[in-house]
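Participant: Got a structure here, written out as structure tokens. Questions coming.
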Amino acid sequence: MAESWSFLDTVECNFRPLVVIELAKGTKEETIEWFTKRIVDKKGDGDVTLIYFLLILPFFKGAQLLIKPLVTENGHENIYLVGASHLRLLLGAETVGLVKECNDNSMRTFTYSSRKTFKDFADDNHNFLTMAECQYIIKHELENLRAKNEKMIPGYPQAKLYPGKSIVRRLLTSGILIQIFPLHDREELKKLRHSWYGRVKVGYQPLDDIRCYFGETIALYFGFLEYFTFALIPMAVIGIPYYVFAWEDYDKYVMFATFNLLWSTVILEVWKRICAILTYRWGTLLMKRQFEEPRSGFHGVLGINPVTGREEPVYSSLKRQLRIYLVSLPFVCLCLYFSLYVMMIYFDLEQWALDYHKENESNFSSLMLYVPSIIYAVVIEIMNRIYRYAAEFLTSWENHRLESSYQNHLILKVLVFNFLNCFASLFYIAFILFDMKLLRQSLATLLITSQILNQFAESLLPYWLQKRHNKRMKKRVCAQKTDSDLSLAEQVNMEKEMGTYLGTFDDYLELFLQFGYVSLFSCVYPLAAVFAVLNNITEIYSDALKMCRVYKRPFAEPTANIGVWQLAFETMSVISVVTNCMLIGMSPQVDALFPDSKIDLVLTVALVEHLLLAIKFIMAFVIPDKPRDIQMKLARLEFESLEALKQQ
């Protein structure tokens, strides 16, 4: 059955604003006219079938969305609201490959032609797609507006365009486009706040509600944070008596360290299963991501993708590799050297504090022993944040085609630096200085100080600043309130001044470093898990608060797992086996068992370490990544797909 593109021309009488576009003040009229025209332009002309619509979708120039200016008492102020017709959103859901639940309770990729087979679908049910999914579809369409024949942004000859360049990206880098962000749904947000953090309770988070409002990536982070906190409780409960009753008796820590190593393996494998259950229920486990669209920051000459046959920017992989190995790698190595240099300054301060304490022997001198570690912890946090900006710039400059590739290279850069910056001093104290007392002191100081700084910098300070700003905005808007439409203007004006949530990167990084403090030197400082549990309980509430009250609503991003962070946590657990075995081997009690031959001691420790690693890998192999019922459902879907191909 043929359909004309005119079937998307109808503007729904009740326009639903979903996304806000803010242009710079003084933006030229011809630029605004050109940009808004590209947003509302059709995908193509003539009569096409819906299947053909999906095949030719990338080749036409418009996004075929709805847009109107936000009108206030002072005019529209270059702020535009973007929406889409219900039919356009359904076709967009097919384009991005959303997975929805069918009437037979199975999960399948949504197609417009088979829309009647999906649960809760009706032509007049505009809630079939969540608001977060609708905003994700609009973001996808806006990001894939690319230049075809234009040589520049109209009205701005210095803002050059070339075939394949992302229009939104060029507008952002030229300062013409200030920001694009999704609107909050105030009623839904109020309900979510009440069920999420409105009252202090012992229980699970409303992950399904979080997913419906913020998307799978953020919901999965909060699911992992909650799971990791519960998983830390056994370590914390066991660590307290070890800390209280057996502080210096290292042979009693063998059982604790062994439990720690097995625990770190089990929790990561069990998380894979929980993650599979959640993402299957949310539909993202089945989403096909192998043919990702080029990221908005990717640029190159317009060419043909040899896999899809579609036009898209093409960039030489050789140029990218040269940038990585000749610029990025030397820069990272230079930063690592600087981190080690700062670490040696810290040890000079430690020696000065120790000498000062020996000379004075007072309460003040005892407190001074902790000052170098506190200063070093603050310096570490500052260096981590500065390096993060440099790593983002370099990774963007490397010009990765896919968002997943960009994220993987960024995470690798940041993890290497953060690991060395945070843990190098602890390794140096443990295996060069052999000072267990200083190791305990430094570990406790670094852990507690970093947690306090993170809570303050990530949640308390932004919340306080945002609360002050909201009070000023409410006073200003209330003084101007003259018509009923101003409530939307008030909401937009308040939200556009909010901070931008930069993603779950920093949140996962904080948990990764915390996992390192808990697992790497568990036999030296068993209380690390206790402080981690206390921090994570407050982290759940403070992160929920900042998502709902401090930051703009982020765009939803489908995901099937926590990505490369799973590998990062598993790598940390392997390193923890080595460090704990070495620490136990260095203890006086174990050393006394081999008075004549240190070689036998080294061989024994190495043997135990290899056995523990073997047990870890066997457990990882034996525990399936997906529960049996999920495996069966996935196998059935694969079988049905093959049968459908045979019939064709």
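Using the three backbone atoms N, Cα and C, a Cβ is placed for every residue, glycine included.
All annotation found in TrEMBL is predicted automatically rather than curated by experts.
Pasting the feature list from TrEMBL:
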- 48-67: transmembrane segment (TRANSMEM)
- 210-636: domain 'Anoctamin transmembrane' (DOMAIN)
- 227-247: transmembrane segment (TRANSMEM)
- 253-271: transmembrane segment (TRANSMEM)
- 324-347: transmembrane segment (TRANSMEM)
- 367-387: transmembrane segment (TRANSMEM)
- 410-434: transmembrane segment (TRANSMEM)
- 511-534: transmembrane segment (TRANSMEM)
- 601-623: transmembrane segment (TRANSMEM)
Participant: Is the transmembrane segment (253-271) close to the transmembrane segment (410-434), in the sense of at least 3 CB pairs under 8 angstroms with a sequence gap of 6 or more?
Facilitator: no
Participant: When you look at the transmembrane segment (253-271) alongside the transmembrane segment (601-623), do they share 3+ Cβ pairs under 8 Å, ignoring any pair fewer than 6 residues apart in sequence?
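Facilitator: Taking Cβ pairs at least 6 residues apart, the transmembrane segment (253-271) and the transmembrane segment (601-623) are in contact, with 3 or more under 8 Å.
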Participant: Which bits of the chain, at least 6 residues beyond where the transmembrane segment (227-247) starts or stops, bring a Cβ under 8 A of a Cβ in it?
Facilitator: 253, 256, 259-260, 263, 267, 271, 274, 511, 515, 518, 522, 525-530, 532-533, 536-537, 540
